[in-house]
Amino acid sequence: MLATVRRSGAAWTWALLLQLLLAGPGGCLSRQELFPFGPEHGDLELEAGDDLVSPALELSTALHFFDRSDIDSVYVTTNGIIAMSEPPAKETHPGPFPPTFGAVAPFLADLDTTDGLGKVYYREDLSPSVTQLAAECVQRGFPEISFKPSSAVVVTWESVAPYQGPSKDPTLEGKRNTFQCILASSDSSTYAIFLYPEDGLQFYTAFSKKEENQVPAVVAFSQGLTGLIWKSDGAYNIFANDRESVGNLAKSSNSGLQGIWVFEIGSPATASGVIPADVNLELDDEAEYDDEDYDSVTHLGLEDAVTTSFPYEAPRRGDSGTYNTPSDLSPRRMATERPLTPPTEKTRSFQLPGERFPQQQPQVIDVDEVEETGIVLTGVLCSLRAVFSYNTDSRQTCTSNRHQCSVHAQCRDFATGFCCSCVAGYTGNGRQCVAEGSPQRVNGKVKGRIFVGDSQVPIVFENTDLHSYVVMNHGRSYTAISTIPETVGYSLLPLAPIGGIIGWMFAVEQDGFKNGFSITGGEFTRQAEVTFVGHPDKLTIKQQFSGIDEHGHLTIDTELEGRVPQIAFGSSVHIEPYTELYHYSRQVITSSSTREYTVTEPEQHGTAPSHVHTYQWRQTITFQECVHDDSRLVLPSTQQLSVDSVFVLYNQEERILRYALSNSIGPVRDGSPDALQNPCYIGSHGCDANAACRPGPGTQFTCECSIGFRGDGRTCYDIDECSEQPSVCGNHAVCNNHPGTFRCECVEGYRFSEAGTCVADMDLRPINHCETGLHDCDIPQRAQCKFMGHGSYTCICLPGFSGDGRACQDVNECQPSRCHPDAFCYNTPGSFVCRCKYGYQGDGFHCVPGGVEKTRCQQERERVVGTADSPRPQPPGLFVPECDEQGHYVPTQCHSSTGYCWCVDRDGQEVEGTRTGSGMRPPCLSTVAPPVHFGPPVLTAVIPPPPGTHLLFAQTGKIERLPLEGSTMTKSEAKTLLHAPDKVIIGLAFDCVDKMIYWTDISQPSIGRASLHGGEPTTIIRQDLGSPEGIALDHLGRNIFWTDSQLDRIEVAKLDGTQRRVLFETDLVNPRGIVTDSMRGNLYWTDWNRDNPKIETSYMDGTNRRILVQDDLGLPNGLTFDAYSSQLCWVDAGTHRAECLNPGQPNIRKVLEGLQYPFAVTSFGKNLYYTDWKTNSVVAVDLAVSKEMDSFHPHKQTRLYGITSALSQCPEGHNYCSVNNGGCTHLCLATPGSRTCRCPDNTLGVDCIEQK
C-alpha cells in the first residue's frame, strides 16, 4: 500500500511538472494544480451538513501558532476554518471576528454541504512529495528563509455551497467554491499556504444567521482569547473582508504565483501577529490585460496591508519590537483605517533611502538535466517563472515612480521601464545613494545556533547587536558584535568575513571597478558556507541587507547555524592578508576561496602553542538591478577583492567580538595587491574621513570633501545648510542641521505634501487617547483613562487603589482592620474580604461563637489563655501555642520565657533536630496550603515568559518570574508564571534543555513540573513522600534529585518521576538544599541539623560521600553551584552569611556578612540572588565586591521560598550520561570521569543491569 501511494505521488508530481512547464507564465491556478486530495490520498471526510466541526485531528508534529508551539490537534469546520481548539457550540456558525479560539480562516463564511455535493477533506500528510512541495511554496513567498517541513495538514473545501437562509438569493443558485489550506510545520515554525484556483471562488458572500443578511467572507487569522483572569482578544490579522478583496484572491498573490498566498503563522517572530509573504505577482510582458484586470492585480496585493504605518502595521519577517495593537488588514485597506490617502509625514530627511524591494532570483528549470539525473522536481507549482523584474509593466515611468529612487538620484525613462542613478558626488545603485567618501554606519541583529567542537548542546543567542563603522575612503570596516557568549566567542574569531561583507560593500574602487554598494545599494541577500578542512564542521551564514533606514544607517540581519571547531579560552587568531575573486552575472554574485588562519593558545609552561588551520568559503549574493538601461557600465565578469590588515579580537569581559579589515576592489592580479598602486587604492592618501580620494596618473591623487562638507580635502568641515540657506525648507518648516546634510520638519498642524512642501493638515481632529489605547495610564484593572477633550486625558485610580493614575497601588483596607475582632481581614486587589475565625459564624463584620468546630491548636490555646470573651490570667513560664488565621499550628513555635524555638508538624508535634537557642528562629516550613480567598478564579496554566534569562522564585501559592537584563533585575517586568493556590511550593529546579520548571510541594507531598512554553502543570511523584524540600536537576543525565526532611533521605529519579532510587537514608536530620555539578558528576546538599549542621557531597551515584563543610555553620539553607566559575555557594540563616568556595579547595571560603534571614539562593553571572524571609524579597549580591546591590519586593508580601535561574541556554559541556543514557538500561548516574548504571528500587523481576 505504501509503495502504491509513493508511486502515485511521484506520478502526480511528474504530471504536475509537465502541466506547468507547458503552461504560460502568469496563468491562473487550476483545480488540477491543487495539492492532491480525496479519500484515495488518505483524506478523512467531514460529515455533510451545516455548521459542523470535525473530531480532533491528532498531529504527529506539533503546530506553531502565534506564540505557541504545542498545538498537537486541530479541528476542521464546514465554514472554512481550521481551529486550534474545539470551537464552543455557540461559535460553530460564523460571527464577528475574531472568535474566542485560535483560528486559521482561508475563507470564513456560512458554508453548506447538506446536499452532499460539497465535500470537506482533511488529513496530516508526512509524505516527501507533499512536504517538499509545501517547502517550495513557502520558499517562493519567503526566499530568504530555509524551511524543511516534516508534516503538512492538508484541508480542502471542494464545491461547497453558500448557506442561503430563508429567502434564497437567486444570484447564488448553483454557485460553488473550491479552495485549499496547507499548514506546513517543521520543528521550529509553521507556515500557512492558501490556494484559490481560477474558477474556485464563484461566490464571495453568504447569508449570516446572526446578521440575517448577506455578508462578505473573511480571510484571517486569530490567536483567540488570552489572559488568565481577565480575558481579552489576542493578536489577529484580517487580510480580506469585502467583496472586492475576496474576489481578487484567485487573481493575485503575495508569493509571486497567481492564486497562492503564503503566511508565516508560528515562530518566534509571530508572537504579535502573522507575517504575510511580500513577493509581487509577476506579469508576462507579452500578456495583455484589460483595465479591469490590471486594476484587480495591482490593487489587491498585500503590499497595501504590510506597508501601512504603525501601529496597525503587519510585522515583516525580521522585524523587531512589540506590536500591541492587533493587525486588522485586508488586501485593499485596513478595516480600521479611513480611505487610502498619501501618508502623513511630519519629518523629511534629505538622505532618505529609496523604496525597498523584495529580493528575488531567477528559478531555471532544465528539462534535460531532469531527464539525465532522474531528479524529480517537486514544488514546480510554486517556483515556475519566479523572476522578479525591476518594474512589472512598461507603463511604469518616472512620472509615477520617482519615489523609488533616492532623493540623491535622477530618474530616467527607457523603452521598457525606468532606472535610477545617483547624481554626481554620490555613490550607490540609484535606489540607495550615499555621499562619496563619507563614513558609513551599519546596524543590525545577529542570531545563532552553533555547536562548538564535539558538544551536542548548541549555543543559542538571539537579538544580539551588530554595529559597524566604515571609513569609506580607506575601505576600512570596523565591526563589533555584542553579548556573544564566552562558550562560543573565541571559536568565532576566524569568521572575520561575517563583517568582511561590509568591507566588500565599501571597498576602495579602482578605476573601472565597483564595490558592493555601488552595485546593490546595500539591498541584497548573502548566503555563505564555511567548511573547516580536516574537521566535520560546517557553518552557514545568512545575511539580509535591507538598505538605508530612516536614520541614514544601513541595516543588516545575520543568522549563523552549524558547527565550528573549538578554540581554547584566551587564544588569539591571526589571519594573513588575502584576495578573493567575485564572479558577476545577472543579479547574482558568487565567490569561493580557501584560506588559512593561525590559532595561538594561552601560554603554558613558558610556551604558547600555535596551530595553522584551513577553511573554505563559498558565498552567493543575490540582488536586483535595473535591466532597462543598456548604456550602463558593464561590470567585469570577475573582480578581485584584496583584504589586508585583518584584525580579530574577542573581549571576554565585555563579551564583544570585533573584526577590522581594509578592502579594495580591482582587477585580477598576481603578487602583492599594493604593488605600484595609487594611494587612493591602498588607503595611504591621508584625505579627511569626510573626503573622497580621486586617483590621478600614476601615484598622483587629489582629496575632495564629500557633499555637505567644505575644505581642502585633507581637512573638511560640515556645512551648516540651515544657517547659510535660512529658507531652504520653505514656509511652515524648521531646518535641523546634521553632519553632511540637513532635515526639514513641518511645524505642528502641517505635513509634507507630495511636492515636498509643508501644507496645512486638514484632519486635525483631537485624538482620543483613551479610545485608541495610546495613553500611559495603569492597566484597566487598576485605573481609568478619562478623555478631557482637545487631545488631552487624565488617569484616575479605581476605588481601592491609590496613586497618580499612571501607577496605582492597592490600598490595604485591612490596615486597620474593618472586620469584627473575631474575624480575619483579607486584602484583595481593590477591595477586602472579612471571614469569621474558626469557631465563629457570621458575615465577618459581625461574628458570634458557634459554627465550625475549633481546631486542636485553638482548643489548646484556649485552655491556657481563655477566649476573647472570657480571658484567663496566664501563669508565668507556661508555653502558649501560636495558631495561624485558619487555626493551624504556626510551623515555628517559641517559648516566651526560655527563648527556645522549634519546628512542629501539622499536629503540633516537635520536629526532631530543630530546637534552637535563644535569639535564633529555625527555618520551619508550613505543610498547610494557604486559604483560597474570595475573588476572580485564577487559571493554573503556565503563562509563557518572553525570551531571555529569568529568576524564578516560589511564593505562597504561586511561582513568579523576574527577568534579568545582564545581571540587573528588570523589576517592572516581574510577572506570575504559575498559580498554584492549593500548594506550598518549596524547592525549584530548572531544566535548560526542555525549558521545564520542577518543584517540591509539602502541603500534599508531591513533586511537579510545568513547561515554560505554556500549558497545565503535572504531578510526577505523589507517593512515598514526607516533606520534599530541596530539588536539583542533572540536565545532561536527565535525572532529578531531592531531599526529604521528614523521611530523612535523598532520592533520585528520571525526569518523569519514574525509576526512583534512594541514595541516602542515614546520617541525615534536616536535609534541605541540594544542587548538582552535572559536568563533573558531583552532588552537594545541606543539613541544618541544629546539633551538627553540615554541607556534604558525593558522586551522583551515591558513592564517595563525605562532609565538605562543618565548621562555623548555623542554619545552612540554600545552596547553588555555578557551572561557569565552579563555585559552590550557600546562605546561612543562623550566621547571616553568604559563603562560597571551590569544592576542590574547601579551606578557602569567601564570606559576605550581614544577611537578614536568607532561605534559598541561586547564581547567574557575577551575582548571587537569594530569597529573604525577614524582608519578603529577592536580594541581589555582587560577589566581585561582596556587596548587596539591589532587592525586589513582590506586590504580595508573603514568605518567599525556593529560587532558581531559568537560563536562556544551557552551560556548555557533557558527562558520561549525555549520550544514549550512558548505555544504561535504567538510571545512568554520572561520576567524575565515568558513570554508574543503577536499577530503581523495588525492581525485582525487571530486566535491569547494574554496572560501573
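Heads up, the Cβ atoms here are built off N, Cα and C, so glycines get one too.
In TrEMBL, Cys901 is paired through a disulphide bond with Cys894, chosen from Cys883, Cys894. For the repeat 'LDL-receptor class B' (1038-1080), residue counts in helix, strand and coil come to 0 helix, 23 strand, 20 coil, using DSSP.
The local packing around Cys901 (disulfide bond), expressed as other Cβ atoms within 10 Å of its Cβ over all shown chains, amounts to 19. In sequence order, Glu882, Tyr900, Cys901, Trp902, Arg921 make up the list of same-chain residues 6 or more apart from Cys894 (disulfide bond) whose Cβ falls under 8 Å from its Cβ.
Remark: secondary structure over the repeat 'LDL-receptor class B' (995-1037) totals 0 helix, 24 strand, 19 coil, with classes taken from DSSP.
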